Amino acid sequence: MTHIAVIDNHGQFTHLEQRALRDLGVDVELVDNTTSPEQLIQTADGLVLSGGPDIDRVGNCPEYLELDIPILGICLGMQLLANELGGSVAAGDYGGYADVDIEILDDTDPLIGSLAPETRVWASHADEVKSVPEGFERTARSDVCRIEAMSNRDQERYGVQWHPEVAHTERGEEVFKNFIARCQ
């Protein structure tokens, strides 16, 4: 059975990420972000870097990026991917929370391509990715956030700025199904 570790970055929706994966039949574990990478790699087939309030409270998450397993960053998790791998993160022009219509820019993307041409999502963030790291491509955009999603297919690193685990996100379950497929 596929085992995915959800890394707890103290986000308000982290338990929903765990529940969404569990409901899809995955062996899922909620793991504190101070857990050693060596311990994670023993059982995890993939990692979800949860959202959270502050990039200064991500524990060992930067070290997890060295692991040779697929990683999905959600909200703060996506910002962490960008920040640690050479992209940039800054305050967004809009911030806050809202239903947002996003445009899928790459219908072949393994994480969100199946959502093309557009979908409605729940966003809740003040900061956002301003430039993607080398090797990544921008895979979604909206009127309120230029980089709504990004991916590096070669390294199996994916990020979404929105929250697929929240009921307000249409087709959020599909995002998790697509990530599970990358972990199998």
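Just so it is clear, glycine is given a Cβ too, placed from its N, Cα and C backbone atoms.
Just so you know, the Cβ of CYS75 (active site, nucleophile) picks up 26 other Cβ atoms within 10 Å once every protein chain is counted. Under the heading active site, nucleophile, Swiss-Prot lists CYS75, citing sequence analysis as support.
Positions annotated as active site by Swiss-Prot, on the basis of sequence analysis: HIS163 (among others). The Cβ neighbour count for HIS163 (active site), using a 10 Å radius and every protein chain shown, is 26.
The active site annotation in Swiss-Prot covers GLU165 (among others). The C-beta environment of GLU165 (active site), restricted to residues of the same chain at least 6 apart in sequence and closer than 8 Å, consists of PHE13, LEU16, GLU17, ARG19, ALA20, ILE74, GLY172, PHE176.
Swiss-Prot lists 3-184 with the feature domain 'Glutamine amidotransferase type-1', giving sequence analysis as the kind of evidence.
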C-alpha spacing of CYS75 (active site, nucleophile) relative to HIS163 (active site), in angstrom: 7
Where HIS163 (active site) sits in the secondary structure, as DSSP reduces it to three classes: coil
